[in-house]
Amino acid sequence: MILAVCALVSLVVGIIMEGWPKGAQDGIGIVASILLVVFVTATSDYRQSLQFKDLDKEKKKITVQVTRNSCRQKLSMYDLLPGDIVHLNIGDQVPADGLFVSGFSVLINESSLTGESEPVNVSELNPFLLSGTKVQDGSCKMLVTTVGMRTQWGKLMATLSEGGDDETPLQVKLNGVATIIGKIGLFFAVVTFSVLVQGLFSRKLREGSQWMWSGDDAMQIVEFFAIAVTIVVVAVPEGLPLAVTLSLAFAMKKMMNDKALVRHLAACETMGSATTICSDKTGTLTTNHMTVVKAYICGKIKEVNGSKVYSDFSSDIHDSALAILLESIFNNTGGEVVKNKDEKIEILGSPTETALLEFGLSLGGDFHKERQRSKLVKVEPFNSIKKRMGVVLQLPDGGFRAHCKGASEIILASCDKVVDSSGEVVALNEDSINHLNNMIETFAGEALRTLCLAYLDIHDEFSVGTAIPTRGYTCIGIVGIKDPVRPGVRESVAICRSAGIAVRMVTGDNINTAKAIARECGILTDGIAIEGPEFREKSEEELLDIIPKIQVMARSSPMDKHTLVKHLRTTFQEVVSVTGDGTNDAPALHEADIGLAMGIAGTEVAKESADVIILDDNFSTIVTVAKWGRSVYVNIQKFVQFQLTVNVVALIVNFSSACLTGNAPLTAVQLLWVNMIMDTLGALALATEPPNEELMKRPPVGRKGNFISNVMWRNILGQSIYQFVVIWFLQTRGKVTFHLDGPDSDLILNTLIFNSFVFCQVFNEISSRDMERINVFEGILKNYVFVAVLTSTVVFQIIIVEFLGTFANTSPLSLKQWFGSVLFGVLGMPIAAALKMIPVGSV
């Protein structure tokens, strides 16, 4: 804006003095430069906002399970229609307004709509479900009544427009840097202007013409003002926030291709300084495709393998025991066996439920027949605090029977009887309890997830209001479910190790299963594995001692995870990223510096609390996110190093020559062009470097790292001194070296200085591609943006010098002079390489 005023004054004075068009050239030059800078900045900002719109659409994609045309299917939330029946489970977001049809112990958290934190009980008596609320407990079917903007949530959203992203921590830091540099620039500009005006006054005093002011003198003062203003423009690095935004937007787009959706910009860069990852086991480290591979029933261990299951089990196991096992599997479940459009059998439900139902079908059971034989009276869905699920059935003869399943130790503790090898129910004694516990440990030691199934006949009358009993059960058997480790996890954990990122596993599973999987992944090495209940009992002092050594936490509750994350962050100053998929993970995801939610297995509540959504639920993707985060940080450091060098040199050159010779070698238009190269184009070129493997071999920045490191200061100061020496040499000895004489010698010399200065920046930009390695050409041709920016800079420079002399105050140069300018630029590269050999501390 200041420059625009300056251009206006220049135009008015110029036209009055020299007439149109000659007098208008300076002013038009400045206006053209301003327009170019504004246009380029606006374009890149606009393109970036479009990218955020695309990401916003991705964020909102939610699939729901729906029964439509009597066929159960998965649909996008946006394809729902009134009349659809939606199946809701714990942790789901209600996708539309609707009515409760059937379900059990449904608690809805309506805080996002009403602000009431107390969950609401939904049943036939209070059947209303509102979109945007979340299922806190239970499961139900809902009839959709209104969708889209007509829902309560839609009406609420129509009154709000979503705010933009907050500034990221790095942008805040850089804005601070920009302000300080701007103030220094302002100071230099004022001093430069004063010195130049004082020079004019003293000259007029010497000539004795201090009372006679002509248009020429006014023109000179306007020129001095323009130079002072441009010093401010060059000094203020308005490209810094642009570089951050560009770099983050570029990284976000690439991360989308790598299956990571960034919900908050800041997470991108924070992930680069992560020092600890607390990961879930199920679905993140493992494939989450579960199958029952072993079962212990009627005192016998049976391998479960494919086609022979039915014949194996029916020949060895008593019919009554098999019947009660199938009754338990098919009734006590949150899953369902359905026929899809092609009349094929499909099993829907969580991976554990699917594994059990598959096992039941392979035993020759019929899901629908079992369901019709008895009536479900009450269901208590599985939740991570109780670690069990229970149902009560009304049998055909009128009696009641409870079935429960869940974490083996917990269910076994509720049992006092067991089904023996002849199918009889016998009391449990100490030996048989120990034997069962040994079975659980054996299964867990083979990295199997164990579940215990049990039942209890209730002889009294049972009503829906009464709680399902928790003691006196009869153990039916124990199943071992295999959840294989994902391919590539071991390598990813090793990469994290070498990058200085500690990986910890936090899981609700049995400690032996957790240890076996952690060893397979390479997580459990020399640290300790601890169980949640034991962790909870520790005092503050014990926690301080034990937390750094914990590599595996098993049987953990959501609050254990939260406590661990909180301690790591506050007491140990770690930058913690946490992965989670369940509703119960929301507190830990919220507490962590970076919350990573799983895109496939994750509930809507977990995704809402997370900063990044891992779309393929794969641990390797988390490592990619860390790599991109580091890349963003390093790219911005490179850009800042490049830009500060230009700032320092442009400031010192114009200031010193204004003070010493009374005129500035770089004019307003030239400085604007340099500003354009370093701010907008430099940001484009350096902020879009893709990450390399080297990034994951250095330690993380952590919480306390300085943004401008010693390495950067070394490179900035070294380059600045070299460039300053070049320009100073040209100013003092340039005419002699290049044999310049005649009326145009000053103009040619200033053009030479401008040209050499620009080529110093071009080659310094190449040197800035890596702050520590000497080989900066590696992979340069793969980065098309970088090559395009450099090429266009050079082409524009040739056009400015050779053809736009009247606007930019330049004069066409001879081949020898061009060669000299480029040579000065090229010499900067060996100097940059030599500087990189000087050892400095890493901070």
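Placed from the backbone N, Cα and C atoms, the Cβ positions cover glycine too.
The transmembrane segment annotation in TrEMBL covers 24-43 (among others).
Positions annotated as domain 'P-type ATPase A' by TrEMBL: 61-159.
Sequence annotations record features per position, and here TrEMBL assigns transmembrane segment to 180-201 (among others).
The transmembrane segment feature in TrEMBL is assigned to 221-251 (among others).
Taken from TrEMBL, the feature domain 'Cation-transporting P-type ATPase C-terminal' applies to 664-838.
The transmembrane segment annotation in TrEMBL covers 711-731 (among others).
Taken from TrEMBL, the feature transmembrane segment covers 747-764 (among others).
Per TrEMBL, transmembrane segment is recorded for 784-806 (among others).
Positions annotated as transmembrane segment by TrEMBL: 818-838 (among others).
Long-range contacts of the transmembrane segment (784-806) within its own chain (CB-CB distance under 8 A, at least 6 residues past either end) are made by residues 25, 29, 673, 677, 681-682, 684-686, 688-689, 751, 754-755, 758-759, 762, 765-766, 769, 812-813. Counting C-beta pairs under 8 angstroms (sequence separation of 6 or more), the transmembrane segment (221-251) reaches the transmembrane segment (24-43) with 3 or more such pairs. Under the criterion of 3 or more C-beta pairs below 8 Å, with sequence separation of 6 or more, the transmembrane segment (711-731) and the transmembrane segment (747-764) qualify as touching. For the transmembrane segment (180-201), the list of distant contacts is 210, 217, 220-221, 224-225, 227-229, 231-232, 234-237, 644, 647, 651, 654-655, 658-659, 662-664: same-chain residues at least six beyond its ends, Cβ to Cβ under 8 Å.
For the domain 'P-type ATPase A' (61-159), residue counts in helix, strand and coil come to 17 helix, 48 strand, 34 coil, using DSSP.
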